[in-house]
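Peer 1: Have a look at this one.
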Amino acid sequence: GTNGIRLTMESALTARDRVGVQDFVLLENFTSEAAFIENLRKRFKENLIYTYIGSVLVSVNPYKELEIYSKQNMERYRGVSFYEVSPHLYAIADNSYRSLRTERKDQCILISGESGAGKTEATKKILQYYAVTCPASQQVETVKDRLLQSNPVLEAFGNAKTLRNDNSSRFGKYMDVQFDYRGAPVGGHILNYLLEKSRVVHQNHGERNFHIFYQLLEGGEEDLLRRLGLEKSPQQYHYLVKGHCARVSSINDKNDWKIVRRALSIISFNDNEVEDLLSIVASVLHLGNVQFAADEQGNAQVTTENQIKYLARLLAVEGSVLRDALIHKKIIAKGEELISPLNLEQAAYARDALAKAIYGRTFSWLVNKVNKSLAYKEGEFPGWRSTTVLGLLDIYGFEVFQHNSFEQFCINYCNEKLQQLFIELTLKSEQEEYESEGIAWEPVQYFNNKIICDLVEEKFKGIISILDEECLRPGDATDTTFLEKLEETVKNHPHFLTHKLADQKTRKSLGREEFRLLHYAGEVTYSVAGFLDKNNDLLFRNLKETMCNSENPIINQCFDRTELTDKKRPETAATQFKNSLSKLMEILMSKEPSYIRCIKPNDAKQADRFDEVLIRHQVKYLGLMENLRVRRAGFAYRRKYEVFLQRYKSLCPETWPTWDGRPHDGVAVLVKHLGYKQEEYKMGRTKIFIRFPKTLFATEDALEVRKQSLATKMQATWRGFYRRKKFLHMKHSAIVIQSWWRGTLGRRKAAKKKWAVETIRRFIKGFIYRNHPRCPENEYFLDYIRFSFLMNLKRNLPKNVLDKSWPTPPPSLCEASQLLRQLCMQNMVWSYCKRISPEWKQQV
């Protein structure tokens, strides 16, 4: 659990001047926001995007690919103690997973930060880590694939390009991953929160609608687009051109379409369901192109019959019924149905409300469909009934824009609740650790934002209650009457301000239709325009009836007939969100939490650019300084005795090289030798607690000096050892060469002796058989005798005709000897005669 997540960056403390400290808890000037941001900047400059605050991971979006997410890196963090490796997403993921396995307690990882800070990417990376490192089987691989492939589908339908982020999640997501007793993922479940439905009908300049519309137009096959009645150009559709940036160079809609299409098949969508789903997407585009004109009475009439035909086919409803529903309003009064025509403004509102309702409900249906494919099926994973759960919360961060409306109000309320939970759980885990270690807990002063949460959610007196009251009360309720009611009810609250309640100086920055809330993260001014409409989220009854009669299976499931007969008024959007948020808090409270705080370094989405003003703003509204203050209220550093002793034992002669007693006693001897003062540390039951980072830094510096000293000694020892080793190696080599050469010479000598013996033996045997006819026993001897005679003859041939000497031949060569003698004599006579001169010849 959280108690298992205790870290300092011992391995990099010595590099702290260059890359900062890897845990903000070790900052000497921990109350200084400037020191905090400078530490972030140092690390960001070195591409070190992860830093800890105790057990909380702070992540800065690098806006570039870093080589830190490979399978090799995953293995490096797998099953390793938290403090042994540098800060990383994988360390948080692995620690939560190991706690889940060892303690059998449900875990959750809370990922927060503003749009573009990298929350969605962090969620994906964590899921990929579990997909690679968890035990696998064929069924488990299917679940892993579905968990991973649910992302591109939900991103296509729930994400959009905004000014701050090309892939901004426009909904909150909480995903539970179920693990069996072996630690293998066997199922999952997703909860979605507050989809930004208003984006379907309107986008700010420089922003786009949800990705799926552009992906379908850009990547859809011609045959599919023909069936849906669509053209490839987004410029043809009113709902896609409000932001004036239908095409973006950094987004490849065609490629993304292929990914989404493949993902849909992996998460169990058949071809018919895909066709029905895309029919709904297309129907929203056609609905946006429905135009109205006023007749003589000022009543709206549909002027685009072609769009109605497409809508009737795609939504599987009667065209005439749909047309009438778009320009008329049905009211039930005293049991009677009254139908009144709509003017142009009301008809446009009804059309947009229908588009938002269709898309919003389809998105909820899609999440449920994904959940069915992810559901844990016990038959597939028999042998163990209980599963443990690890939750991932990827939810919008605190938002402050130039114009803040109902959506920002809900998002910031959500962040207030999460901050409240965050501080409560951080304090709780700190207090539990102190108590378990037998160290006195000193109460920590911190800003309790319960006062702001109550201002928003308190029954009868909170902003949501007042908003609901205005939406439900009879009479002419408007956004202005809602603001007046707010001023009347919560005028004395210290965190609430309006133009009317403000002093002369503050009024200049507050419009008459605005109210300001002082959140834990700073002031936010909200415009009340649209609050009532967005909270009511009403769809005219006759439009609901039309949708309930649809033969499109998805629309039929999205619009339940019981809505038509239910006399109870549906909950408002704010109340629904408040209730779902309350359930989320219960879920998170029941689990052991880990935190990832994401920061966006600049608004331009550029790599290596560090915007200090923007980052200071995020550090403030993420409550990081508050978190650091709580974490540093007591002791900056804590470590188990065994680990502390293992690292620093070389600094004390009594503990080096080994300590045979209890680790507790060894640490006591060690800190006494190091000269720690009483106020600088406390000894717990299993850990040592050090109050000041400078104490640790001094110890770390001493360790570095000791390491260098030991390294010098080691080098000298190693050199001697190396040289002796080299000498022994050379000696061994010489011996090997000598023995090899001796062996070679010996073998040659033995071969020579053997040859001599064989020769002598054959010679003797030949001599014995010399008078026998030629046979194997005497052939060598006879040949040798012949050879000897001929060689002797060659050397002793007669010199002239008068020389009658001739060697005695062996018996076998007598005849040959005689012939040779005659030939020799003839040759000598011929030579002699040849040499006689004519005069001498005449004389003779």
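Just so it is clear, glycine is given a Cβ too, placed from its N, Cα and C backbone atoms.
Note: TrEMBL annotation is automatic and uncurated.
Features from TrEMBL:
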BINDING   Gly113, Glu114, Ser115, Gly116, Ala117, Gly118, Lys119, Thr120  ATP binding site
DOMAIN    20-704  domain 'Myosin motor'
REGION    581-603  region 'Actin-binding'
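Situate these features within the shown structure.
Peer 2: For the region 'Actin-binding' (581-603), the list of distant contacts is 1-2, 5, 40, 44, 55-63, 89, 92, 95-96, 99, 103, 105-119, 122, 164, 174, 191, 193, 389, 391, 393, 397, 413-414, 417, 421-422, 425, 609-611, 614-615, 618-619, 622, 624: same-chain residues at least six beyond its ends, Cβ to Cβ under 8 Å.
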Peer 1: For the ATP site (Gly113, Glu114, Ser115, Gly116, Ala117, Gly118, Lys119, Thr120), what does the 8 A shell look like? I mean other same-chain residues with CB within 8 A of the CB centroid.
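Peer 2: Sorted by sequence, the hits are Asn61, Asn165, Ser168, Gly397, Cys598, Lys600.
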Peer 1: If we count other C-beta atoms within 10 Å, could you say which of the binding-site residues Ser115, Thr120 has the fewest?
Peer 2: Ser115
Peer 1: Mean pLDDT, the region 'Actin-binding' (581-603)?
Peer 2: 91
Peer 1: List the residues of the same chain that sit at least 6 positions away from Gly118 (ATP binding site) in sequence and have their Cβ under 8 Å from its Cβ, in sequence order, or write 'none'.
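Peer 2: In sequence order, Ser59, Asn61, Cys598, Lys600 meet the Cβ cut-off.
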Peer 1: Quick one: give me the count of other CB atoms within 10 A of the CB of Lys119 (ATP binding site).
Peer 2: 27
Peer 1: Just to be sure I understand the packing, how many Cβ atoms besides its own are within 10 Å of the Cβ of Gly113 (ATP binding site)?
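Peer 2: Its Cβ has 26 other Cβ atoms within 10 Å.
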Peer 1: Restricting to the chain of Ala117 (ATP binding site) and a gap of 6 or more, list residues whose Cβ falls under 8 Å of its Cβ, or answer none.
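Peer 2: Listed in sequence order, they are Ser59, Asn61, Gly397, Cys598, Ile599, Lys600, Gln618.
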